[in-house]
Amino acid sequence: MPPLTSIKTSGDDIEIVNQLLLPHVIEYVQIETVEEAHDAIKTMKIRGAPAIASLAALSLSSQLSRGLKASPPPDYLASTDALKEHVERILDYFFTARPTAVNLGAAIRRLRATLLKSLDANKSTRDICQNLINEGWKVSDEDVGRNKEMSRRGGEWLRQRVREDHAKVEVVNVLTVCNTGSLATSGYGTALGLITYLHESGKLGTAFFTQSAPYHQGSRLTAMELQELKIPSIMICDTMVGSLFQSHVIHGVVVGADRIARNGDTANKIGTYNAAVLAARHNIPFIVVAPTTTIDLDIPDGTHIPIEHRPAIEACLVRGAIYPIQSHEDAKHAVVMITPPGLEGVYNPSFDVTPAELITAIVTENGVAVKNPGMRGFDLSEIA
Ligand SMILES: CSC[C@H]1O[C@H](OP(=O)(O)O)[C@H](O)[C@@H]1O
């Protein structure tokens, strides 16, 4: 079976696989409106920094494309002022879906720039819509090629680094956190793309991955993708990273990112910082793999990255993140005593920030950045 895709399109129709149900149920749901797209992002039916940016962009393109074919035409086509107000309201609305991943914000800024540029050029409302439709499609279409390029660059860098550190090693063992494959992007993936590249090159030993509780991106999504790709893999619980490093030869830790600050501090799935501290303790290279749209040059360091805190209940359920809990019967699936509908006393940040000093290399489609000797931070200007 080919790798699952996060988003499927046919003309103006958009479907996403409901990732809350994977791997037990593969169910594609129609995304008919921007409201449904926003809900899918916020409730994590779709997740992954690049994938949520693609869905937001495609959803706007789909709505505007349908509007151009509608009869009578929608009110927002009556004037450029009406169209500007309509599009900017949608872009502002998408911005509220999830705060940490900057790719969504980058896509929104890109579409807003397309709108303003078209307005400045005195384009007709129909031409402005067509420009936005085209740009929205490009946001999604660019992702796969970009992922393959960064995966190749990162894979070759890691192979060279391993040759330097371990003279006779032919294949490398890596650990990854969360899910960064086709389900988190428009295809191929970022950190999981690098792992796929190594496997396709015959240079991968074993890919270890963490369960990534509480949403379980690892045990539910990465496990599924690695099995579909026939990549040798071993799952570990989040608490086992230190034991793994003590008992196995791991040549690199390879993770994705949701936002990278100007100095290289990186926000990624909760548990990434733990793995970085342990990798430093064991002298294991720690590599971040992400598209340039993940780099936020507007913030100097990781203290400025907003960290999303998810609903407490999501950290309390044995099964995926399906809720709300509406009865005591439902509550039997919870790992703690729940008094529906609410819950106090749970700390559930969805991301953490790994300081640049713990990161060995940052890989984008433009290249690989390493820190200058003696520097705690990165100069990302060459790869941003
Ligand atoms: C391609 S990187 C995706 C990035 O997004 C994930 O977070 P979430 O599943 O909550 O959207 C995780 O941080 C991954 O590294």
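Every residue, even glycine, has its Cβ placed from backbone N, Cα and C.
The shown structure was predicted, so the numbers you read here are calculated from the model rather than taken from an experiment.
According to TrEMBL, the active site, proton donor annotation covers D258. Residues within less than 8 Å, Cβ to Cβ, of D258 (active site, proton donor) and separated from it by at least 6 positions along the same chain comprise A49, T100, A101, V102, N103, A267, N268, K269, T294, F351.
DSSP gives C178 (site 'Transition state stabilizer') a coil state; it is part of no helix or strand. A C-beta separation below 8 Å, combined with a sequence spacing of at least six in one chain, links C178 (site 'Transition state stabilizer') to A184, T210, S212, Q217, G218, T222, V255, G256, N268, K269, G271, T272. What TrEMBL lists as site 'Transition state stabilizer' is C178.
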